[in-house]
Amino acid sequence: MLCAVEKRLRALAYNNGSSGMDANLSHSWMTYLYTSHYFFIQRGPLGLECGIAGGIEICITFPTEYVKTQLQLDEKANPPKYRGIGDCVKQTVHGHGVRGLYRGLSSLLYGSIPKSAVRFGVFEYLSNHARDEAGKLNSTRGLLCGLGAGVMEAVVIVCPMETVKVKFIHDQSSVNPKYRGFYHGVREIIRTQGIRGTYQGLTATVLKQGSNQAIRFYVMTSLRNWYKGDNPNKAINPVVTGTFGAIAGAASVFGNTPLDVIKTRMQGLEAHKYKSTLDCAVKIMRHEGVRAFYKGTVPRLGRVCLDVAIVFIIYEEVVKVLNTVWKTE
């Protein structure tokens, strides 16, 4: 199956006059497939459980993700299309029905399992080598392991997944939407822009995901160590884990929403206006001010807190089971 997908991606890239850069990005897509497959097989139950939990959570909370993305794409200089969260929801439902709030959902659903497999697979691998002789992972090492996991998931999974999501959501606000569905949209993006079109905003995505997971795992590790105190074998109730996860999620939202806004702009249909990640940040500051870097904070906060709480509960519980089945070094 992977070989067939690889051939199809190569054909799409080269049949449309792709450059050497596109060839490299085609390789990145194949790396994404193989790495996802590797972590899914190596840590199958972990990736599957976290992915399913993430998928359910996404289906429940995706309207908040949709609103967040639309508000972040809504430039003050244009002028703004939406007056706030409520107005965005009202205009979307009026123009496209309730289904309009789920535009771009498919890309996140398809990526939920491989993303979780890569994130927690990399974190488990790094943390197993970072623990002290007593098996304890301190906060600083937790941060570095989270950073590594975030960078890996950004390059392998999140960047193409988020680029497709943002383009789909942005397309719906156009006068004449051109994407008829997930597969048609991806095919059109690759046909017109090559594989490179699915990797827009890579630098911003790496910065966002790296800081995301660094903050979340740092907070989680700190809270877990505080809760356990001098007893490393003290059990943590799932409710406590969920609370810690929500706190970690909130910390990441307040810590890196500006990077999320820049990432969204770099992946939108008007990304050509920006020469680089830095140029995007400078233009937002110049034309819209500091407040623009925190657009979509409220809807993002609601979704992320629930997401991180659920996924960490599943992660902790599955790890307990895995550790009784497979002893890691």
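Every residue, even glycine, has its Cβ placed from backbone N, Cα and C.
Keep in mind that TrEMBL annotations are predicted by a computer and have not been checked by a curator.
Break the repeat 'Solcar' (41-129) down by DSSP state and the numbers are 74 helix, 0 strand, 15 coil. Per TrEMBL, repeat 'Solcar' is recorded for 41-129 (among others).
For 140-226 (among others), the entry in TrEMBL reads repeat 'Solcar'.
Under the heading repeat 'Solcar', TrEMBL lists 236-321 (among others).
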Take the repeat 'Solcar' (236-321) and count its residues per DSSP category (helix H/G/I, strand E/B, coil), listing them in that order.
75 helix, 0 strand, 11 coil
Summary of DSSP states over the repeat 'Solcar' (140-226), given as helix, strand and coil counts:
74 helix, 0 strand, 13 coil
